[in-house]
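Over in Swiss-Prot, the protein carries these features:
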- 16: site 'Important for substrate specificity' (SITE)
- 74: active site, proton acceptor (ACT_SITE)
- 75: site 'Important for substrate specificity' (SITE)
- 157: site 'Important for substrate specificity' (SITE)
């Protein structure tokens, strides 16, 4: 498949995912989608993140041209089996960051790709250890506005990296779109790694 013949759609308005997918140098369009993002009773975090990513790509496919390939992702912070979503306010963010302080949590990023009747998925699992955080730091971070719309109330690509003592896994996965797993999925569209590397060159 020639890249110019491929209509690729990112079913997300996240600036982080748009930036990350853009690193491949492929043309793509952005489509905003809305799906229910509420864990089901007893649903494991890995199953949840896979389901939400799948729902997003399915929703995007229903809105896109029939020949388009639709890519979507979902990222969640998980501690002790509990999914940390986006903070509902300052107190919620303070609670989440306080619980993450000095501990290791997981960041799960599921990627879903659809084209026609085909559906492919991949999952990135990263482990992030926070240093001990002070309340003054947490309050100052919330005041910056950065954590307001971020899972787990922090952005590793921004000021939130100052909290990270150790990362095992994918930096881009923690950001919201794991590039290695995404590249593997794009192979199903005939886009090998060499093509993606060439496309990313200036």
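Every residue gets a Cβ built from N, Cα and C, even glycine.
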Spatial neighbours of residue 157 (site 'Important for substrate specificity') among the recorded positions 16, 74, 75 [C-alpha, 10 Å]: 16
Which of 75, 157, all recorded sites, has a Cβ with the fewest other Cβ atoms inside 10 Å: 157
Three-class DSSP secondary structure - residue 157 (site 'Important for substrate specificity'): coil
Neighbourhood of residue 16 (site 'Important for substrate specificity'), C-beta criterion under 8 angstroms, separation at least six: 155, 157, 175, 176, 177
